[in-house]
Amino acid sequence: MVIKLSDCYRLAAIPDLSRCLRLEKIMLDSCISLKRIHESIGSLTTLRNLNLRRCENITELPSDVSGLKHLESLVLSNCTKLKVLPENIGILKSLKTLEADGTAIVKLPESIFRLTKLERLVLDSCSYLRRLPNCIGKLCSLQELSLNKSGLQELPDTVGSLKNLEKLSLISCASLTQFPDSIGNLVSLTKLLAYNSGIKELPSTIGSLSYLRMLSVGNCKHLSKLPDSIKTLASITELKLDGTPIRYLPDQIGDMKQLRKLDIGNCSNLESLPESIGHLGSLTTLNIDNGNIKELPASIGLLENLVTLTLNRCRMLKQLPASIGNLKSLCHLNMKETTMSDLPESFGMLSRLRTLRMGKESNLPLISVENRGSFVIPSSFCNLTLLSDFDAHAWGLSGKIPDEFEKLSLIETLKLGHNNFHSLPSSLKGLSFLKKLKLQNCTELTSLPSLPSSLIELNADNCYALETIHDISNLESLEELKLTNCGKVVDIPGLECLKSLRRLFLSGCSACSTKVRKSLSKVVISFSLPINLDSMNINSSISENYGSIYFNFYFVCG
């Protein structure tokens with residue numbers, strides 16, 4: 001038998017349920033007007049699940065819960081006015097899950113140690129809870145203990161007695177400054193999460209956690225070093241140290257043979273990586289985002305299973321080592337806003353690379369492009385035949401883009417804005433999967449060649465030197481065309497054939513010929529999306545003939 005009264009916002013009380021002899025589940029979640037629970041609930045011997053989640057006005061539970069012999073799940077989450085748990089809660093011999101997160105409880109009753117079948121104890125966001133009772137170590141079946149965002153100041157030594165604990169979560173416990181040495185006795189622990197906590201150091205005993213798979217201590221602003229014993233974490237697969245003030249990684253980090261993910265982003269004090277990092281043969285993800293690393297060790301080329309490498313905003317990193325080409329599994333390379341001025345010739349050996357994002361800041365003033373120096377794409381670049389997303393925004397690409405570009409046949413997004421090249425290769429038309437081409441602020445670009453019919457977006461805003469546009473009548477999928485401030489463009493051949501065009505930006509195209517204007521009128525009368533043409537100055541004749549009509553088209557014209 002089940003009683004389900006969830007979301008009954010006006011329910012202020014529940015009746016005597018003592019005669020409901022077969023009741024197994026009561027769901028009262030989000031009954032925000034409920035102020036008290038009838039004492040009879042404490043005698044429901046068949047009850048297995050009691051859910052009071054978000055009953056915000058409940059201040060206490062029945063004092064006698066001795067009858068709840070078969071209760072397995074008690075959910076009190078976000079009962080924000082609940083300050084105490086029943087003193088005899090330990091009598092709930094069958095209880096497996098206790099969720100009291102978001103409550104106002106100050107302490108746990110001493111009888112809690114009698115909950116020998118308890119597997120999950122959730123006390124997240126209990127901001128008044130400062131300590132756990134010493135008897136917590138007697139919860140012999142406990143597998144998960146979660147105290148995220150709580151007011152916890154310390155863990156008792158007895159926590160090391162939780163032999164079946166698999167997950168200990170202490171995320172954003174700002175007042176927690178250390179772990180007890182006994183934490184090394186948690187022989188079943190697989191996840192230790194203390195992200196954004198007040199932890200100042202890790203005990204050397206942490207190396208005894210032979211089954212630990214995930215250690216998250218990122219954003220711990222007072223954690224400045226790691227113990228050497230970390231090398232003995234033989235099972236660890238994910239290590240998050242991002243946002244910490246650590247100055248170095250221990251040489252022994254190379255002994256973590258199972259490590260798959262290493263996050264050291266935003267570690268501003270970390271200036272170098274140990275050569276031993278190349279011994280992390282299982283590593284698939286390495287994040288050094290927003291760091292002050294000055295160089296990558298040559299041994300990084302030994303990471304044969306590395307799939308994702310993130311170097312965004314590593315402004316001290318001047319170049320990549322030649323060994324980078326040995327990363328045979330690398331699919332995603334993110335290095336936006338770095339100061340690198342070239343790529344090694346070995347770069348073309350990254351045969352599985354699919355995403356290359358190395359763009360600079362998008363909001364730079366146009367004159368700054370001239371001050372960036374020139375960057376020439378290495379000839380081997382065209383060997384990246386699996387590349388689908390290439391962002392080289394504001395990299396100072398100069399001269400002519402290599403004609404072998406057509407070898408990048410799978411590319412879908414090409415961002416080349418804010419660069420210094422004067423022409424694009426004719427082979428661009430061979431990029432049959434290309435959907436987005438960004439060329440904005442390429443101030444030296446003089447012409448656009450034939451483009452692939454797959455194109456959906458074309459942005460050539462502020463290409464001041466642009467004069468010639470090849471026939472675009474084949475761009476049947478093009479939905480957006482931006483040519484703002486292309487003042488030298490006289491003709492846009494094929495404009496009237498763009499069947500899918502929905503957004504056209506021509507403001508500042510002062511040299512547009514009468515022919516373009518006639519083509520534009522043909523485009524306008526072919527579609528129907530609401531736009532008032534009275535505001536269009538580019539073609540007064542259209543305004544005169546259709547000024548009161550709305551079309552399924554969007555123009556931004558000067």
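Numbers run from 1 along the shown chain.
Including glycine, each Cβ sits where the backbone N, Cα and C put it.
Listed in TrEMBL for this protein:
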- 80-169: domain 'Disease resistance R13L4/SHOC-2-like LRR' (DOMAIN)
- 251-315: domain 'Disease resistance R13L4/SHOC-2-like LRR' (DOMAIN)
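When DSSP labels each residue, the domain 'Disease resistance R13L4/SHOC-2-like LRR' (251-315) comes out as 15 helix, 9 strand, 41 coil, counted as helix, strand and coil in that order.
Across the domain 'Disease resistance R13L4/SHOC-2-like LRR' (80-169), DSSP classifies residues as 18 helix, 12 strand, 60 coil. Mean predicted confidence for the domain 'Disease resistance R13L4/SHOC-2-like LRR' (80-169): the pLDDT average there is 97.
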